[in-house]
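Since the structure comes first, as structure tokens, the remarks are kept for the end.
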Amino acid sequence: MRLDRFTSKFQMAIFDGQSLALGRDHQYIEPAHLMVALLNQDGSTIRPLLTMLNVDISQLRSRLGELLDHLPKVTGIGGEVQLSNDMGLLLNMCDKLAQKRKDKFISSELFILAAVDDKGSLGKLLKELGLTAAKIEQAINQVRGGQKVDDQNAEENRQALEKFTIDLTERAEQGKLDPVIGRDDEIRRTIQVLQRRTKNNPVIIGQPGVGKTAIVEGLAQRIVNGEVPEGLRHKRVLSLDMGSLIAGAKYRGEFEERLKSVLNELSQEEGSVILFIDELHTMVGAGKGEGSMDAGNMLKPALARGELHCVGATTLDEYRQYIEKDAALERRFQKVLVDEPTVEDTIAILRGLKERYELHHHVEITDPAIVAAARLSHRYVSDRQLPDKAIDLIDEAASSIRMQIDSKPESLDRLERRIIQLKIEQQALSKESDAASQKRLNDICEELDVKEREYAELEEVWNAEKAALSGTQHIKSELEQARMNMEVARRAGDLNRMSELQYGKIPELEKQLDLAAQAEMQEMSLLKNKVTDAEIAEVLSKQTGIPVAKMLEGERDKLLRMEDELHQRVIGQNEAVEAVANAIRRSRAGLSDPNRPIGSFLFLGPTGVGKTELCKTLANFMFDSEDNMVRIDMSEFMEKHSVARLVGAPPGYVGYEEGGYLTEAVRRRPYSVILLDEVEKAHPDVFNILLQVLDDGRLTDGQGRTVDFRNTVIIMTSNLGSDRIQENFGNLNYEGIKNMVLEVVSQYFRPEFINRVDETVVFHPLGQENIKHIASIQIERLVNRLKEKDYELTVQESALDFVAKAGFDPVYGARPLKRAIQQYIENPLAQEILSGKLETGKPIDLLIEDEHLVTKQ
């Protein structure tokens, strides 16, 4: 008996039978061993065949186990087992049956056919289970679908549709698909193309996230509900699973074999199946090796003959890149374009999906949350499409609330972490004996007592609220199941079941749900069970960094006092501070133009008067950190070709994949302060790029992606006209100086550039009083740095006047002051600290003696 005459599945089963015999210490491989191996085999034909014959497989397994238990055990056979006489006869019988059926290879289902006529123990067992040769013959013909066994992998490629596709109509019947709201025109156009005589293959094209796959799911639901023309009724929509088709195809030709078997089975279905290929472009080039044919070319003949009813889905870019290049494949498909839905349509879609998400997360989603998700995602998430980005917001907001219910609330979690931190510190300090450590230990013990009491109270409240919330979850799940059963009964025409559900169970569950919801209505302090617009805004703020959440009282006060905050670091520039503060307030109050940046400013003035410092202060005010400022030194963009660095190199140039310096920074952090320092030093072509940013708040980078600048503050600084300011300071008022400077600026910048800037602010030169104020700020920073080293520095008024006078230079602004502080204070202090003259913990006085700065302790 030659093993290579068997199919690969049958060969594997024989080897598995041999292992089974060895494991049980049997000397011979009996038919029962092979039968058990065939039943246990993954993807075998035997199990579906026996299921078709109404055989109880678990009963068969237990009876086979009994047969094997009665076989004699032989120890010490050294791992050698042989085929028994019965087994040899059965395999020869299988060979005869294969020849009779004109098969090139012997397949595993013939073993059952041979065994049922056998007079051995397996034959008797099969007869007892009600099997006959005629019944098995009939089932084999059905499984094979009229095909002969022509190659060794024939069994693996059988029932290819079951293995390599997902039945969407079946999932629609079971209620596993999300409802499809709207998209009637696109579904109607898809049905229209499917009804054609030839080229009846629609390809659904649209941006990622607009709902292409949902259209096919909507078609499957309509077929199930009978809401389609007569020509499409009772058809099945099968989704091709490319992953399963390619996975495990190790040898050349194996992938093509699988695809061919799928196409053969589809042609046998005679048009009763619509094949859906998601990501259609993956078919072009799939399985293409050296000289072999790819999947796209294998589909062409079936598509042209109309044997294959196919619906494809792909994005615009991939359609252009893969399918349009292959004109022969493209002409076999008819395009159905899917546009992004409007905000109103998205709200309708979200209302339809609401119940599914409520059921999954066991939370309630309010209508304001749905409206906020659609509107806010449309405005602030510019690089993705509706409805996908709005659904994401709803999903994540519901998930965060569910997480807070299931795990500890954030406030409780923070308290617990703080308690652990204090306990660790307590343990460490208990080993120290010095006075400072003991003082800190007492403070920690007091704080620990307070925190532990607070934690115990909060935990009690949390447990009570959690118990109250779990009431409605069970009722909601039951109600959803009852509605699904109602739909199944409606399709089956079971009127008794329908009336029982519609007038009995469903109203009763709805009543229970209302009562449970009323019990939940009392205000909860820790847990929430509702997704509101505030949660949506919070999730969006976390995703994009743009503050769209409702302002808390503290933030309102902070914005109203914004000038005072900025004046703490920027001295003597009232106009500039006011202009910037007003722009930020307009934005946070929601009054700024949604299609332009929050504010764009051109800061003009001499060096060292606080132009760059104001930008840093603004970034610090808005984000609590100067790191969120995108600083671009325009002196680096003096050559014409350096413009490409801002938006990214064009295709074909080195660095094309890397993206632009400005565009990438804003894509990653859409809410930021952009400082274009020394803007007049840049090449004039740079300003042409800035025109779109200042007017429309958008810029297209080197890769064709639109970058959104609508949530940025753009500040450009320049020294233009600073000589005029110095000459006329004191002679003219602010307006007069401003007009003179703008005259110089208009000669340098184009009118269309100046016209797009929201406000041009001219900075004042700094006077003696301003310099003194700045000196006190900078010395205060030095005092704080020394405090960290345990030195207490006190600066006398006379010393402050001395430094301010030494650092005053009307031409260079505040920068000479920094040098004066270094020269007169920091350098002598550093020397005295290093030489050991100054001791820690004792006060140090900085004062004037004989017109010199001296330190005394």
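One is the number of the first residue shown, and numbering goes on along the chain from there.
Just so it is clear, glycine is given a Cβ too, placed from its N, Cα and C backbone atoms.
These numbers come from a predicted model, not from an experiment.
Some features that Swiss-Prot has for this protein:
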type    : residues                                                       : note
BINDING : GLY206, GLN207, PRO208, GLY209, VAL210, GLY211, LYS212, THR213 : ATP 1 binding site
BINDING : GLY605, PRO606, THR607, GLY608, VAL609, GLY610, LYS611, THR612 : ATP 2 binding site
COILED  : 391-525                                                        : coiled coil
DOMAIN  : 3-146                                                          : domain 'Clp R'
REGION  : 6-71                                                           : region 'Repeat 1'
REGION  : 83-146                                                         : region 'Repeat 2'
REGION  : 159-340                                                        : region 'NBD1'
REGION  : 341-545                                                        : region 'Linker'
REGION  : 555-765                                                        : region 'NBD2'
REGION  : 766-857                                                        : region 'C-terminal'
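With DSSP classes pooled into helix, strand and coil, the tally for the region 'Repeat 2' (83-146) is 44 helix, 2 strand, 18 coil. Fewest other C-beta atoms within 10 Å: among the binding-site residues LYS212, LYS611, that description fits LYS212.
The secondary structure of GLY206 (ATP 1 binding site), as reduced to three states from DSSP, is extended strand.
With the fewest other C-beta atoms within 10 Å around its C-beta, VAL210 stands out among the binding-site residues VAL210, VAL609. As a whole-number mean, the pLDDT of the region 'Linker' (341-545) in this prediction is 81. By neighbour count, meaning other C-beta atoms within 10 Å, the densest spot among the binding-site residues GLY206, PRO208, GLY209, GLY608, GLY610 is GLY610.
Taking the mean position of the Cβ atoms of GLY206, GLN207, PRO208, GLY209, VAL210, GLY211, LYS212, THR213 as the ATP 1 site, the remaining residues of that chain whose Cβ falls within 8 Å of it are THR315, VAL338, GLN385, ASP388. Apart from the site residues GLY605, PRO606, THR607, GLY608, VAL609, GLY610, LYS611, THR612, the chain places the Cβ of GLU613, THR717, ASN719, PHE763, GLY813, ALA814 no farther than 8 Å from the centroid of the site's Cβ atoms, the recorded ATP 2 location.
Nearest by CA distance to GLY209 (ATP 1 binding site), out of the binding-site residues GLY605, PRO606, GLY610, THR612, is THR612. Among the binding-site residues GLY206, GLN207, GLY211, the residue whose Cα lies closest in space to that of VAL609 (ATP 2 binding site) is GLN207.
Residues in the region 'C-terminal' (766-857) partition by DSSP class (helix H, G, I; strand E, B; coil) as 52 helix, 18 strand, 22 coil. In sequence order, ASP278, ALA313 make up the list of same-chain residues 6 or more apart from THR213 (ATP 1 binding site) whose Cβ falls under 8 Å from its Cβ.
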